[in-house]
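> Got a structure for you, written out below as structure tokens; questions coming shortly.
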Amino acid sequence: MLKVFSHSSLTTEHTFRIYSSGQHGPVLLLLHGGGHSALSWAVFTAVIYSRIHCRVVAMDLRAHGNTKVKNSDDLSAETMAKDIGKVVEALYGENPPPIMMIGHSMGGAIAVHTAAANHVPSLLGLCVIDVVEGTAMDALNSMQNFLRSRPKTFKSVENAIEWSVKSGQIRNIESARVSMAGQVKKCEEPLKSPDVSKSIVEGIIEEEEEEEEEEGESNHKRKKEDDLEVKKESLYTWQVDLSKTEKYWEGWFSGLSSLFLSCPVPKLLLLAGVDRLDKDLTIGQMQGKFQMQVLPQCGHAVHEDAPEKVADALASFMVRHKFTDFKEGYLC
């Protein structure tokens, strides 16, 4: 079970939301992808904790989840990597425990930048989930189109969960129920906001018309107007406007493969498909510079779609490198 607490790790103006579990063993420091939050690791945490002796720390990165920082618009790789180091220092002081850093997508890129800059001196190993420089850089041109294709608003958190599963963004309903709560927020000014989706409002009107066909016209119109106001007030939108982070995308991913290969710790790369490998990593993998595992039938959110497979791969990797041991009674 993840416990929640906030940690003022820099100044009173910088507070990072931390979720933690466990008291013994190496620390698994979990970094989520862009637009997500630490809650995306919830189901995975329960599984990995049942496999090996470990502690888990998952944090909301700056401008994400419930983390509050002074300059939340600065999402450069350098700044975010420094954040990780300062949070570790705030949590553990000058003698941090052994740490295995694990990052998904943007979080994987930030994990590599953090490791390369030696911001976590007690780093044991590095696990990067479904982020590769070549494919990431190629995808940047179409990223804005993808973001525009997403709904701008949802009628409820449940509606957001339903969309995430039906669209294939998250293929595990158990994880989506937790993860999507950290990706959306209530609209602050629903009646004035230009982001309120016209199609959703029209859909609400149509739903009310269908439900109230047999009611009197005056009662129907009055109830429709009242309910529409309620619906407007409870609209949800994305927690993070990813389109505004575009100027940082290249900095997250450019040069990532060489940085990853240069990190002097054991490395694990988990991918949703082998086609994601770029040239540098293909050569590095053939030279045995890191361990790679492909988890088919997963979407981009690999650790959410297949938390047990990701946990098994990570547990085996850590035990093989003698970072920890399997828990008694667990059969790998």
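Cβ atoms are placed via backbone N, Cα and C, with glycine included.
TrEMBL lists these features:
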type	residues	note
DOMAIN	28-313	domain 'AB hydrolase-1'
ACT_SITE	Ser105	active site
ACT_SITE	Asp130	active site
REGION	205-226	region 'Disordered'
COMPBIAS	205-216	compositional bias 'Acidic residues'
ACT_SITE	His300	active site
> Per DSSP, to which secondary structure element type does Asp130 (active site) belong, with helix, strand and coil as the options?
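Coil, per DSSP.
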> Same chain only, sequence gap of 6 or more: which residues have a CB within under 8 Å of the CB of His300 (active site)?
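Counting only residues 6 or more apart in sequence, the Cβ neighbours of His300 (active site) under 8 Å are Gly33, Ser105, Asp130, Gln169, Ala272.
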> Please report the three-state DSSP label of His300 (active site).
coil
